[in-house]
Amino acid sequence: MAAQHIQLLQSLTFPKPGVDYVHNEECTQCFDSQDDERGVDVCLTCFNGGCLSEARHHARSHFQKHPDHRFTVNIRRRRKEANGRDGQSEPPAKITKLEVVPEREEDKYTKETTLRFWGPNATDGQDIDISELGDQAERARSLITAVVDAKFAARSGPEAAWGEEELAVCEHTLLLEQLQRGSIPAEGLAKCQSCDITTNLWLCLTCGALGCGRPQYGMPGAGNGHALAHFNTHHSLGEEGHAACVKLGTITPEGNADIYCYACDEPRLDPELAAHLGNFGINVAGQKKTEKSLAELQIEQNLAFDFSLTAEDGSALEPVFGPGKTGLANLGNSCYMASVVQTLFSLLAFQSRYYDSGLSKAEAHWAACREALPAECIECQMLKVADGLLSGRYAKPDPNVKRPPANVETTDAPLHPAPADASPALAHQAGVRPAGLKRLIGAGHAEFSSMRQQDAEEFLGHLLTKLRRSNHAQASASGVFYPLACTGTSGSRTSAMIGSEEPTEIFAFGVEQRLQCGNPSCGGVRYRVDTQDVLSVAVPAVEVPAFDDKDGEIRKAFAPIELTRCIGDVLGKGGEERLEGWECPGCGQKSAAFKQVHMATFPEVLVVHAKKFQLVNWVPTKLDVPVILPHDDTLTLDTYLGHGLQPGEKELADTPAVAAQPQFDAEVLAQLEGMGFPAVRCQRALLATGNIGAEAAMEWLFGHMDDPDIDAPLDLGGASGGAAPSGSEPSEEQIAMLVSMGFTHAQARKALRETGGDTERAVDWVFSHPDDTGEDTAPAPASSGVDFAKPAAPGTTDLPARYRLKAFVSHKGPSVHSGHYVAHVRAPGLKVAAGTGGEGMDVDKDEEGWVLFNDEKVVKADVKSVDELKRLAYMYVFERV
């Protein structure tokens, strides 16, 4: 047997950094990890991680699917006993100089490893004594060390969990011209040239000026922005340079440091940093990192964000545990994802689609999964997250969180510790880490694959799109089709749509847009129905003075507004909009047109996105405008249902797209470009908004700044802004996108030709023509009893359309791209305080309560804080009742 082992071991290769993902911390199909009693088995052929639990045993199922993957290494990690302060020992000597040294994993843990062999028909691996492998023993040990120490898939520490930010050079760092030379003040003596701040100092690489950094949200005294003011002063005088700067205190002996370009307003790289710093007397080799980098500070802020985890009386809120009450560990800047995912898995459709306690769904999928590894399959990762959140196995107190004695002051305590005399069960949980799902959902997206904070509403839309494409690809592979917008004769979706196969469709609804010619002699109307998943409503900001009792300053505050009014301003008569300069295809006259929006259908779950923004110096700033929800958190939308073309209305014919150069309003285009927007973005915004004005174009721009194709060149050959006319040849990139979803090349090509190059419509076309192979001689689609020729909008027109609040996502911070997100979910089985009784006593009721999901911290929310935070929520999720 040893000879056989040696021969097989010789064929194994070492993992390649940057190429191979080594899943050495946890199972790729569940959240069992190397910290569990039996550890995790890592395949030495493909580096997949599999658990060894009796119920799941994903290491065994991996070998059964890949019987030629014979070797694994079992890894078990154990935490070392803490040697630091325990509250009783003497405090350490006073630190006179801080050097930021990252904590190493080997300082905290010990690891036990065992080489294992999986023979034919094995149900468990066989342990191997490496010493019996002869001259291959050392190679085996080296291979195991490489796999155990690999940080390619799951890095230790919050900075690693964030992922590596891809920095690049820019013209300002690449072509940097230094105008002055000399030495800056020695460490400890340097300070901002415009104030007395001595930390967070930025050195201008052009002239050597020292300025403090910009103010940081939640970090008082961090800076007054004098380094930026230095750049702006020179820029306003027409002087080149002074854009690139380096943060003192972040310079390492290896030549790394925080470098920022104010002209690009982005972190950058300076390939000649050592030489540039040498001009100011800074020897890189002798530097020590004494301050945290921007990335570390932002991670720290997000990990420690205080978001109402205390009750009104200041006591810690009670942690809760169990199925559906599992936290998602913060990956460094992932609270936007955690809040959305927790909300989705609180809904029955997602629970039914991705979870069953018997694991039959996961097992059936893995048996048929076309991906080689679970880590590369969105379905596998959704099943994994569902099991992690809904099984309750991982909703347990974190044993590594220890409360200090009540009489000891320490900075190492949890942010929201339970009372010192409370039960240990009140400790917060560690949560599960959805790193695999985040990587797959963000793949190929410029923003969601980055380490930066993102907009939760934008992420929801992106996630739904990725899930639909994944489900479509699986349906195509299995031959079972689930059209996105299939309706029966009653106008309601068929059972295939509202079943468990496509849970994302619970959000989809139709929006009816009615456009009427303003010419009294015409009055023709045109109706169009679009499908969307979120109802976005503007929240008017009416400023009122408010007195802040805490510091005696007048703070900006806003008058509350009812949510029903915000919805009414978008839908129905209240949302009527006047469009100038519209040319009517009926009468041929150029006049005003009037646009109204109604609900064509109602979804099963309604997401309302409260847009609370104000442009401050052309930068969208979030406003905390209180929104008042209806009584009992229930919406009734019957009056907003549209009815299409009415008797007596004259319908305007649709005009085909003209393959001519689209026209842009030259004045508006110049106005947008004058604000600093690139020309291609301005053109794209004008096309998207129909040339109706600068304000609409700017709103579109600010809402699509993070689109991956925002700077892609426009195909100006047609008025549609890039979609090819029907029958024209699509690009190979478009075809490749559809092929990646599971369609054949011929199907993708024909669908794109039939839909004018519109990718989303092409997907619907394929599922509406399941018998069309895409070949020129393909047979006509067979009759199915349901009219697929013109899909109707998803949803239903049934009345009454009543919705009750199920969850809401709140945000704290000045921008949706910074700060912190949390989710509140209405959950059954919680004993909640209902208020004060008639005799002045508190009354408890056994009914639904609210659970606050703040990353890994899951607590029972108190009624007063819920009522307050509902008013300031960013997204509301209503279930139909």
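Count begins at 1; order follows the chain as displayed.
Positions of Cβ are set from backbone N, Cα and C atoms, glycine also.
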Among ranges 92-111, 112-131, 712-731, whichever one TrEMBL labels region 'Disordered': 712-731
Cα within 10 Å of His820 (active site, proton acceptor) - qualifying recorded positions among Cys192, Cys195, Cys212, Cys335: Cys335
Cα separation, Cys335 (active site, nucleophile) to Cys212 (Zn(2+) binding site) (Å, whole number): 29
Additional residues surrounding Zn(2+), by Cβ distance to the Cys192, Cys195, Cys212, His226 centre under 8 Å: Lys191, Gln193, Ser194, Asp196, Ile197, Leu201, Leu210, Gly211, Gly223, Asn224, Gly225, Ala227
Cα separation, Cys195 (Zn(2+) binding site) to Cys335 (active site, nucleophile) (Å, whole number): 35
Mean predicted confidence [pLDDT] for the domain 'UBA' (729-769): 70
Count of other CB atoms lying within 10 Å of the CB belonging to Cys212 (Zn(2+) binding site): 26
For Cys192 (Zn(2+) binding site), nearby residues of its own chain (Cβ under 8 Å, 6 or more apart in sequence): Thr198, Leu201, Leu210, Gly211, Cys212, Asn224, His226, Ala227
Entry from the recorded positions list His226, His820 having the most other CB atoms no farther than 10 A: His820
